[in-house]
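These notes are about the structure you will find just below.
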Amino acid sequence: MSKEKALESALSQIEKQFGKGAIMRLGDQEAAHDIDVIPSGIIALDVALGIGGYPKGRIIEIYGHESSGKTTLTLLAIAQCQKQGGTAAFVDAEHALDPKYAKLLGVDVDNLIVSQPDTGEQALEIADMLVRSGGVDIVVIDSVAALTPKAEIEGDMGDSHMGLQARLMSQALRKLTANIKRSNTLVIFINQIRMKIGVMFGNPETTTGGNALKFYSSVRLEVKKGGSIKDGIDVSGNEIKVKVVKNKVAPPFKQADFELIYGEGISLEAELIDLGAKYNIIEKSGAWYSYKGKKIGQGKEKSKEYLKENTAERDEIERAILELLLPNKYSNKDSNDSPKEGSKIKTKVNPAVTQDELI
């Protein structure tokens, strides 16, 4: 028997025993190269991720300091998933989910599946059961630091439980990974930062739960709080910086900058002005911003107010940015948000911008 026939026989036997799709040639189906995504709800982050959102069938880790915007990012992803008709689940190990804030960010809280487990084992088992059901599109676990092992909860204060949480995460992820891929579910772990003791050189910061999550994650996002945004003398929000420190589906190390406004969420208008000015979709001359030769505001705040009031122009600018920065996902596609038929968007790319920046 030739090698080719022996291989075909083996492939056929594997498919018969384990089911269709258990093994295949990478070029057998075009779909193998197309990754399903759930948009992040933030244009700059979709661009930084390289594929227009979070990849489905993968594990994502979002980590950062307290109050840096980690939970906000996951709630925005849940809102986008629900807008596409998907089902979302939130495993609230921290017991800190605010339904009012989630609703403010666009989450359909009435249809959001929520669990508040007592132990880390229970939380991960619930997540695994949801994934295996195949009926959930996104599962968020908030957070790894709050996944307390049962032995620690039942023990006394001060008892030593070295490496218990790390072993729990390692065991759970080995079990979860195959199920996540099979069901094409997006699973997001929120994680916190701790300081290593005795580190003299290099970064002393590390994440909780051991190293397993770092290895199993296809994408790792580091969230940092930037400067404050002021409305007069009052602080109305702060800048958020998200760095893609690991990416298995696109080039890593891209960064997304955007504004988080207290009581409102992510400022879409600020994103459009920053990205529009960077890629010459919006012209900037001194403090003035213009679109198609028409002045829209003096200074960023006035321009943001203009775009809030003029939604048609805002949607047109958004579409132009998406078509320029994510052409594979948005170019030549009909959309309810796109300008009316017959109108053309002319985009002039800044010649100083390299092709790498457009990815």
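In case you wondered, yes, glycine gets a Cβ from its N, Cα and C as well.
As annotated by Swiss-Prot, ATP binding site applies to Gly64, His65, Glu66, Ser67, Ser68, Gly69, Lys70, Thr71. According to Swiss-Prot, the region 'Disordered' annotation covers 329-359. Per Swiss-Prot, the feature compositional bias 'Basic and acidic residues' maps to 331-344.
Counting every protein chain shown, 10 other Cβ atoms lie within 10 Å of the Cβ of Ser67 (ATP binding site).
Of all the binding-site residues listed here (His65, Lys70), it is His65 whose C-beta has the fewest other C-beta atoms within 10 angstroms. According to DSSP, Gly64 (ATP binding site) is assigned to a strand segment. Summary of the ATP site environment: with the site residues Gly64, His65, Glu66, Ser67, Ser68, Gly69, Lys70, Thr71 set aside, the chain residues having Cβ atoms within 8 Å of the Cβ mean position are Val223, Lys225.
Long-range Cβ proximity for Ser68 (ATP binding site), meaning a same-chain Cβ under 8 A and a gap of 6 or more residues, is found for Val223, Lys224, Lys225, Ile240.
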